[in-house]
Each structure stands twice: as C-alpha cells, then as structure tokens.
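So the structure is just underneath, and the comments pick up after that.
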Amino acid sequence: MAPPLFLLSLQLLVLLSSPSAQAQNISLGTSLTTQGPNNAWLSPSGDFAFGFRPIDGNSSFYLLAIWFNKISDKTATWYAKTSEQEPQPIQVPSGSILQFTSTGVLSLRDPTNREVWNPGATGAPYASMLDTGNFVIAAAGGSTISWETFKNPTDTILVTQALSPGMKLRSRLLTTDYSNGRFLLNMETQRAALYTMAVPSGNLYDPYWSTPIDENVTNQVTNLVFNTTGRIYVSMKNGTQFNMTSGVIRSMEDYYHRATLDPDGVFRQYVYPKKPSSMSQAWTAVSIQPENICNAQTKVGSGTCGFNSYCMFDGSNNQTSCVCPEQYSFFDEVRKYRGCRPDFELQSCDLDEAASMAQYEFNLVNNVDWPQADYEWYTPIDMDECRRLCLIDCFCAVAVFHENTCWKKKLPLSNGIMGSGVQRTVLIKVPKSNSSQPELRKSRKWKSDKKLWILGSSLLLGGSVIANFALSSVLLFGTYCTITRKDVQPLQPSRDPGLPLKAFSYAELEKATDGFKEVLGTGASGIVYKGQLQDELGTYIAVKKIDKIQHETEKEFAVEVQTIGRTYHKNLVRMLGFCNEGTERLLVYEFMVNGSLNRFLFSGVRPLWSLRVQLALGVARGLLYLHEECSTQIIHCDIKPQNILLDDNFIAKISDFGLAKLLRTNQTQTYTGIRGTRGYVAPEWFKNVGITAKVDVYSFGVILLELICCRQNVEMEAAEEEQSILTYWANDCYRCGRVDLLVDGDDEAKLNIKKVERFVAVALWCLQEEPTMRPSILKVTQMLDGADAIPTPPDSSSVVNSFP
C-alpha cells in the first residue's frame, strides 16, 4: 500500500499535466494589483482564488491569500507569512503588486517597490492555482513542484492536503485578525498535538490534546491526512489510523470542506453547501477536537480563556465563550483572551477582621472552578467557615467549596471552567454594595500604600493628571474665554469625597518650596519648583506656578474636575492638588526623582535597550489611556522627552498638560492654533485642517526613534550630513535593510535586532504625513507588544513638513 503522501503528490502531478490545469497556468511576466479586476488568479473551476484579499474591516490593507471564491465572505484558507523564526502574517497597503517575473520568481512588493515576500522558488516555468485550493510553483523543467501552499499551511487544511512531521497549523488571534494566535497544532514524530502558546513570544505550554503515544515505537507518525472522502486522520507507520474528526461526512460534490484551528483553540471540520438555497448559508462544524476545550488545563498560562475568566462550552453549536465573573470586566472586549480584571479595589491587608467583614461579601456561583490556582485548602469544614477564612484573608480572592472541603485561591485565576459536570460552588469576594470604596472600572487598579493613608485629608488617594488638564485648560485657554479674574471666585476645598485633590494655600506652597527657590524646569505655562510638604513623611512635590492666567467660569471648572478627577494611570504624572488664592494659580504634582526622559536619554550614557523598550511601552500606554480609555478623549498636543518624567523605578509618566485639548463626546477633531515643540509637531499643525489625536501619535513616533537611537531628532553637528535629522536617517536605514546602523555600538540592541526593526517600522507608521495613514495609539501599542503584525510602512516625506 502506497504511503498517503506519495498518493497525494502523484495526484497533484496528474492535475498539473491535465489540459484543463495547463489552460489555467500562470505565465511568466504576469502580475496582480491590490485594486481593479486583476487582483487574483482563479482555479479552473473558479472555486478558489489566489491574490490580494482586503483585511476585514480595513480595506486599505491586504493579505496575499487563497480563499473560497464562490462564498460570500471569501473565507481565507491560506495567507502569506514572513520567513522569520516566528513567522508573522504579511499585510500590505493599497498599491502593492505581486509579480511572477520573466525569470520565474514570485515576488510581493509594496508601493515603494520594496520586496516584502518571496517563497524562494527560482527559474519556474509557470505557476498554477489548482481546484484543490493548492497554489503551486513548478520547478525548472515543469515536471515537479518547487513550492506549494499545501506544504506551507497557516491555520487551515483542505481535502487532499497532508501534514507531515515538522509541519504545523497556527490559529489566528481573532476571526478577523490574522495575527498569530494562542494555539498550535504541531505534527511531531511521535504524535499530533494541540498546544496553548504564549503571545507574543510563541513558547509552548502543555499540550491540551494529542494522539496516543506508543513509547516502544520511535518516529511512529507518518502524516495527518484530509482524504477525498472527507476523513481526517493521523496515519502511523504500523498501518493504524487515528481519527482526528468523527463527524458526519458530507459529499464532496455538494459541499465545500475545510478544517481550521480556530482562534479558540478548537480544531473544527467545516462544510458549506455549494448550491445556493433559500436558507441562510454558513459554514457548519461537523466535527471538533477536542470535544470540550474548556476541560483543557495547563500548569502555566491562563488556560483556554484569559486570567480571571472562565470557559463555557455550548454543545448544541460546538462553540466556546469566555465569561468574566460579576464585578469583573474584560481588559479588552474584543480580545477576551487577555482576561478579566476586578472593577474594584482589592482588599487591603491592613484591614482587621471586623473591617473586612464590614466592607466585603461574596457572590456565589455554582458549577464553576479554577483548577490548579489554590494556595490553601481545609477539610473537613463547612461553607460558613470557608467563607469566613477567605473573607479575613487579604490574599484570598475566591474560595471554592465542595463536600466539606474549602480551597482558597488568589489572583490571577487560571483554567477557569463552567459546566454541569463541575461540582463546585465558588465564592467570589467583592465589595459590599453599601461600601464607600470607589470602583475603578476602566482605569488600572490603584494599590494603596499604607504610608499614603497616613496623610488622611492632606492627600486623598487617586489624584489624576487628567485633573491637571482640567485645571490647566481652565487657566490657560484664554482664546476661548472672556471672563476676567474678578469674575471668578476662589475655588473652595472639595467636600465631595470623590474629588481627590487638596486645595493648598499660597502660604503652604511658598513654605514648601522655600520661597520658590529650586527650579526644576519651565513648562509651556510657567515655572516648576521643587518642594517638600510638612507632613509626617516629608513628601517631595513639584509645584508649577502658572502665569498669564485667563479663566472659564468656576462652575464649569468644578463640573469638569468632578467628571474626570477620579481617574488614574501609572503612566501619567499624578496631580496632588492646586492653589486658587486671589490672583495666584499653582498646580501640585508628585515629584519625579529621575527627572525627564530628555535628561536621562541624552546625558551621554546610553541606557539599557531593555529599559528603553519599557519606556517606549509606558509612553504609548499613557497616550492610550488619554486617547481611548478616558470618558472624555484628551489630546496632549506637546509630547516630547521634556514632558516625559521618570519615577524612582524608571516608569515613564506623561506630564505638562498645559497645551492639551479635551474633546466632547462624539467629537473627533478640533481647530486651534499651532501648539507643541519644533521637531515633534505633526504636519497638519501647519495646515488649515482639524487636529485629531493623530498629532500625539506623530510626536510619539519621533520619541520612539530617539529611544531606539539614544539621540535627539535634530543634531546638526552629526558626523555625516544624512544623519543630521533622525527621522530622515531612520527612514533611509529601514528602506536599505540596515536598521543595525541606528544602534551601532549597542550590543544589547543588536542581539534584539528583530525588535529594533519592529520598533522602527512602528515609528515610521506614526510619522506618516497623512493623519489617516497613521495608526491609532491602540494599534501602536499592539504592534509594539508584538500582538499585531506590522505591514511595511509607506515611504513618507512627512518629516519635511516638521521643520517649517
């Protein structure tokens, strides 16, 4: 009996030599474009197409892909990836081209004519899109195959396709996001196995499903086969076959077939009717593996769903869903695999038993468990005592009770599952409904520091730099107000417990700064002085003395501060209070021990690459909070190294909101005069157009390059003239494939050259002249984190307009 792979290869050669296939051969010198009618090569029947497929939800970018051409949603079965050790899906912008050159080379090029993908086949006489869904490139002579998509699968296999040991399927991140996902089907010499993976590093956790292993036989697996009857099985060298799927197989004549490793980690075999009907047509899963992925557990990692969530399986449609417990919410409603976070402040370990019982209670949920997350257990015990022991334990977030046994668990919770077979009752600790504890909801949880509580009414917790903006905008936006100082009554100290700002007297701040003696720096609207409060801790502060004041009404100011004053983020400098006494206007901030990024980065000693990476991510996350996580969007308008401060742990914090703009709900742009600092301002500042959050994205792109290279954007004394302006030079280095020149002498960065290239590409996307071409700051953070693939950035001349 011939091995299955040999039979498949023989069948493929027959197809290549048939008249119908030859009629569809792709000739040398042929090309495809992203737009227009010539964007794909079809198989003889028209069932499959190979070419440019628009990204779902973003028609400006394309995959080089194969798809079911006669199905309305054009379901992709293959898409090109990079040739890196951890291949990433390739996305190209409009204007890209795929050439099958006269020398027999298939080459994908972006609008700048830079090659972004090449399968490595040379001297090919022709290529073909076959009716099997396989795209093949013939070897010289035309009798054998040099390269084919069936040997380079992504997340899907088709009928007649086989996977041999060493080949793998990688799930997508989401159905509409083709970035590498969290699950892998790996063909090994001893078995076929499904793994959970770490994103973005790609390391494997424990397998959650595999074929049986015979310890007495080595190299026992031959292939995973999707045969012409619709069966999917793993063939062994001893002749046995292990069925991967066991669904009711539909006919090949009436149905399209595929098998996909889906974003939820389930390997599903699907069918789709070829003939249109009055019924709604869709892919139907006829078989799955594993039968219930919610039962999968890993010793490391979050499990099937993200941390602090639990998995539910619906057997009626073979679908899984991830759920947050009550009073928890997803970090990202779209990317639910990132897990859940509490919508409340976690229990302080300073609370005694009485206080804990007064402030916290439990939500009870049946048939739920988080296996492997317990750190303590008791037996025999009743539920009331289990409840009490968890309630007084500040580490205990959840207690699980079953048959007189109690398990205590702390965050993060992993391997969460709900099902009728889970004979457990969970007690989830939450604040009591009448508790005065504020919910954090969309902001990061503030972990209270015992020393700060000592300050009591002197420094209320949770002060926000956003309140800084609210006050600064009131004091500085003279363009938009006509009310004089005498019309404004001094702001009284807040009696609202939700307004965590202290109203300082001028005398207090004059004493704290020793008569405004030590200057820390100058901002857009005043001078910043170092000070020290006369409290029990001797807290150091930074006091900004505002000049050139113009006001809006006190009522509008109070409403705005009360609206956003409770928010907080680790990457924003925290505002502690203010002074609004007579004609004096001062702002009080937390003091940043390590000064500004400007001084830290350009002082002559190159910081570690790993630290620069964390600083870049911190600035991006701070901007993400301003742009997309606040209830009211904030445009900073003056992002530069001088306005990025570093605390004692070298965490980057955005400061100086004196030029910021606040957008109303549903407002996406504003019109205002030029703001910002030369070398960091976006081109649209010099045009009569609306200003959007993309001006901050542009400024971040400049800072990102400065962090990569440890030099300022403009250095007219540079050794080489082409290196004088960093944005020019970085663009040239990237286009020439020499980003290593940007980190010359930095051994740590060169060891991470792939990440350097990734960061440079992100920066060049941020520096696009057209604002709509720049990614959102959310997309920027995803690309920096490695969660999203990065298309090749167009060659933009935006930097010219940065220096009027």
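Positions of Cβ are set from backbone N, Cα and C atoms, glycine also.
It should be emphasised that the depicted structure is a prediction, and the values quoted were computed from it without experimental measurement.
These features come from Swiss-Prot:
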SIGNAL    1-23  signal peptide
TOPO_DOM  24-458  topological domain 'Extracellular'
DOMAIN    24-150  domain 'Bulb-type lectin'
DISULFID  C294-C311  disulfide bond
DISULFID  C305-C322  disulfide bond
DISULFID  C324-C340  disulfide bond
DISULFID  C386-C406  disulfide bond
DISULFID  C390-C396  disulfide bond
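Within 10 Å of the C-beta atom of C406 (disulfide bond) sit 23 other C-beta atoms, taking all shown protein chains into account. Note: the Cα of C386 (disulfide bond) and the Cα of C294 (disulfide bond) are spaced 26 Å from each other.
Comparing C340 (disulfide bond) with C294 (disulfide bond), their Cα atoms are 17 Å apart once rounded. Cβ neighbour counts within 10 Å, taken over all protein chains shown, single out C305 as the most crowded of the disulfide-bonded residues C305, C311, C322, C340, C386. Counting only the Cα atoms, the space from C324 (disulfide bond) to C311 (disulfide bond) is about 9 angstrom.
Sorting each residue of the domain 'Bulb-type lectin' (24-150) by its DSSP state yields 2 helix, 58 strand, 67 coil. Separation of the C-alpha atoms of C311 (disulfide bond) and C396 (disulfide bond): 21 Å, rounded to the nearest whole number.
For C324 (disulfide bond), the number of other Cβ atoms no farther than 10 Å from its own Cβ, over all displayed protein chains, is 21. Listed disulfide-bonded residues: C294, C390, C396. The one with the lowest count of other Cβ atoms within 10 Å of its Cβ is C396.
Note: the CA-CA distance between C406 (disulfide bond) and C390 (disulfide bond) rounds to 9 Å. Considering only the disulfide-bonded residues C294, C305, C322, no residue lies within 10 A of C390 (disulfide bond) on a C-alpha to C-alpha basis. Cα of C305 (disulfide bond) to Cα of C294 (disulfide bond): a distance of 8 Å. DSSP assigns C340 (disulfide bond) to a strand in the three-state reduction.
Note on the domain 'Bulb-type lectin' (24-150): its mean pLDDT in the predicted model is 91.
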